[in-house]
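According to TrEMBL, the protein carries these features:
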type     : residues : note
TRANSMEM : 12-34    : transmembrane segment
DOMAIN   : 14-218   : domain 'Cytochrome b561'
TRANSMEM : 54-74    : transmembrane segment
TRANSMEM : 86-106   : transmembrane segment
TRANSMEM : 118-141  : transmembrane segment
TRANSMEM : 153-177  : transmembrane segment
TRANSMEM : 197-218  : transmembrane segment
REGION   : 226-245  : region 'Disordered'
COMPBIAS : 227-245  : compositional bias 'Polar residues'
Amino acid sequence: MAAALPSLTPLLIFARIFGLLVAVLVFVWAFVFSSSFGHPPSRDDHLFDVLHPLFMIIGLVLISGEAISVHSWLPGSRNLRKSVHLSLQGLALASGISGIWTKFHWDRGFLANFHSLHSWMGLVVITLFGAQWMMGFLSFWHWREVRATRERVLPWHVFFGLYSYALAVVTAETGLLEKLTLLQTKRNVPRKGPEAMVVNSLGLSLALLTGTVMLIAISPKYPPSLPTTKQQQQPFFSNSKPLSS
Ligand code: HEM
């Protein structure tokens, strides 16, 4: 049983507030400024264009942030937390794959859009997420797993998990910048207009959310006054149950 430490509660509340802000701002951008999505003169691909930021920000970034923080607040057994973590990361990965798929509907073909830093980083992020999910699945759930292997793999799982999450946010920021620049240069969207305010606030909220989620992830998850086992002394470990259990 791992209830959130009192010291983590404000961080968890801030993460929820920033997450909610991010979700509201993406929806406001997608639905209030919906004419910014699609590729004129044809508007046929409007849906795919608007789905890309929705899948990427709400699906990939917000859900994987939730998956990371689950270890810090979800009460119940270690196995419950592991399965919720893995399911949420699976959902985030599926959203990321769907988000990239939305871009393959343009007539220009599969490779035509891979010209930007954003698209290259996007591919790296999805590849990392996919590999990370498979490794997590194999090392934490495989029935033949051995304690020594899991102990070796866990720090790498934590490192690559945080690294992929941070890269996903950076990629989303480059996507926001690229889209806004396109709108400002090709469609005369004002640089200080309401749409620019919404997108800039979205980018800022994403940055605040990421910092909070990373702080939650690296914070110790056990009270310092409790007697600690060797495992508990490592801040990245989420509970006190031995790995062999
Ligand atoms: C973690 C988040 C994101 C990832 C992993 C990601 C990934 C990708 C990838 C792989 C492509 C290239 C696919 C193609 O064009 O055929 C792409 C294109 C694009 N994305 Fe994203 N994206 C993310 C977030 C965003 C956001 C938030 C926006 C804002 C609207 C955005 C806007 C665009 C645009 C305008 C393109 C087409 C131009 C280009 O290829 O650079 N992306 N994205």
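Counting begins at 1 with the first residue displayed.
Glycine is treated like the rest: Cβ placed from N, Cα and C.
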In the same chain, which residue numbers or ranges, 6 or more beyond the ends of the transmembrane segment (12-34), come under 8 angstroms Cβ to Cβ?
4, 46, 50, 53-54, 57-58, 61-62, 65-66, 69, 72-73, 195, 198-199, 201-202, 205-206, 208-209, 212-213, 216
With pairs fewer than 6 apart in sequence excluded, do the transmembrane segment (54-74) and the transmembrane segment (197-218) have three or more C-beta pairs that lie under 8 Å?
yes
Mean of the pLDDT scores, which run from 0 to 100, over the domain 'Cytochrome b561' (14-218):
89
